[in-house]
Structure formats: structure tokens, C-alpha cells
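Participant: Here it is, the structure in full.
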Amino acid sequence: MSATAKKSAAQLQREEEEARKKLKRLSKQGGVEGRLPMKRLFRQRAHANVLSDHELEYPRSPSEMDWSPYYPDFDVESNKKVEIVDIGCGYGGLTVALGPQFPDTLVLGMEIRMQVSDYLKEKIQALRYRADHEEPVPGGYKNISVLRMNCQKFLPNFFEKGQLSKMFFCFPDPHFKARKHKNRIITSTLASEYAYFIRPHGTLYTITDVEELHVWMAQHLDAHPLFRRFTKEEEENDICVTLMTNETEEGKKVARNGGKKFVACYERIPNPK
């Protein structure tokens, strides 16, 4: 048996944590500017329990949220607000891809898992450095950020009515057991909440590799009076559909394994008069 095999899970976790701390110290000392973080040092279980208590900080209302630490290069006085949100962004493949595509728009990835959100935070810092010193890109990744948060509880603390133009739900936890279906990210109640945040003619995007979950999400959104499902032609002509299909880590994994991806997108229609 190898030495690695003999190590306990706790020992491996401690070693990985020490390695992460070392990298962070080097980064602060200027030793690894522009170096992308190693994903293996930020591994965590695929999903988190949204009903568990997490040590999270959130404002009492959207007006009390200070976004300047997240978007330090944007003029706070201009009152620019987050418009695109990647819910459960994971390691940030889509969040990062959206940045150059919408360089004048603030994009936010929201992720409940601490290790994963820490990874994306460091990745964004490295990408910003590279954009400034090596490979310029539109927006320089200064318009993207990540926030560790439970999106099924605290979105009203961050976003106002009609603030968002796009919301993405990419490869969410399928919660296979029937008793867990109430914890799914798309429900009738949550669909109404999302309709509150998305402005008229904004878009809600979903993608999953689990057909049963795809049917569930589509049924709930189809039934909602404020959402209209995209036609296939509309999906094919939307660059964001291409990005969420090809740029997310889960999407790439599904492609490598030869799996299927199920997409459903919805326009937020105006409130009836």
C-alpha cells in the first residue's frame, strides 16, 4: 500500500489546507501574480445542504449592500448594479466567460460552498492581473465577482425588483429523492421570486444533464404566468446558451462523458396591466 493510501482523510485535508495557505501567502508576497489557483486544493462535495445553517454575511436590504470590495474598479457613485447572476456558479466557468462578453455589465457568481467560492475568488484575482499585465480582454475581468451565499434564502437581501437582466441555473443539485424535491432551485415559489428580480424581457436560463430535473424545471416555469419559454430558434441564436452549454465545468464534464444536456430558457414577460 502506498504512503498516500495509508493517510487518513483528515491528514490529507490538513495537508491540502496547508498547501492552500502557502499559496495564499506567496500571492500576498507577490510571488504568484497571475497564477491561476489549483483546483485540486479547493475540492469539496458536489452540493451543499441549503437548509443547514452556514456562517454567511448578508445585508438587511439591497440598499445596504456595499459592492465596492467586489468590483473595486467600478465607480460606486455611478450607482452601477449587478445585472447578471450565475446561481450556484461552482468553479466559475460561466461567470468568467460572461465577463468579456458583457464588459460593461456587472456579473456575479453566487456559490454556497466555501472552498469552491474561495477558488473562484482567487481565479478572478489572477485573471484580473493577467488582463492588466499580459493578455488584455474586454472588461479585464473587473466586472465579474463571486459571493458565497445561500441563494435559496437570501436573494431578496441583495437584489431589487427588476434589477437583473439574466439569471443562470446551470447543472443544479437534482435532489433525486421525492422528499427532497422541495429543496430544488426551481419551484413555484422560487419562480415567483426570480420573476420579481428579473426585469421585463430579461432571461432565465436553465441547463442540466438530468432529464427528470429538466422536465421538473420546465413544468414549473411553463406554468408561471410571467415566463415565456424560448423557441428552439431563440435558444440557438442566444450566445448565452452557447456559453452555459460549453463553458461550465459540469458542461465540459458531461461532454467528455458523452452525456446529454437539456436546456430551457425563459423570457420574463411584462406584468399584465
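Backbone N, Cα and C atoms are what each Cβ position is placed from, and that goes for glycine too.
Feature list, courtesy of Swiss-Prot:
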- 1-32: region 'Disordered' (REGION)
- GLY88, GLU111, ILE112, ASN150, CYS151, CYS170, THR248, GLU249, GLU250: S-adenosyl-L-methionine binding site (BINDING)
- ASP173: active site (ACT_SITE)
Participant: Mind computing the max CA-CA distance among GLY88, GLU111, ILE112, ASN150, CYS151, CYS170, THR248, GLU249, GLU250, which the record assigns to S-adenosyl-L-methionine binding, rounded to whole Å?
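Facilitator: Overall maximum Cα spacing for these binding residues reaches 20 Å.
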Participant: Using a 10 Å cut-off on CB atoms, tell me which of the recorded positions ASP173, GLU250 is the least crowded.
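Facilitator: Selected from the recorded positions ASP173, GLU250 on minimum Cβ neighbours within 10 Å: ASP173.
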Participant: About how far apart, in whole Å, are the alpha carbons (Cα) of THR248 (S-adenosyl-L-methionine binding site) and ASP173 (active site)?
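Facilitator: A Cα-Cα distance of 15 Å.
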Participant: Pop the Cα-Cα gap between GLY88 (S-adenosyl-L-methionine binding site) and the residue listed as 'active site' into the table, whole Å please.
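Facilitator: The residue listed as 'active site' to GLY88 (S-adenosyl-L-methionine binding site), Cα-Cα distance: 9 Å.
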Participant: Does CYS151 (S-adenosyl-L-methionine binding site) have same-chain partners at least 6 apart in sequence with Cβ under 8 Å from its own Cβ, and which are they?
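Facilitator: Correct list: ILE87, GLY88, MET110, ILE112, ILE185.
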Participant: Please report the three-state DSSP label of CYS151 (S-adenosyl-L-methionine binding site).
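Facilitator: The three-state answer is helix.
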Participant: Where does GLU250 (S-adenosyl-L-methionine binding site) sit by DSSP, helix, strand or coil?
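Facilitator: Assignment for GLU250 (S-adenosyl-L-methionine binding site) reads helix.
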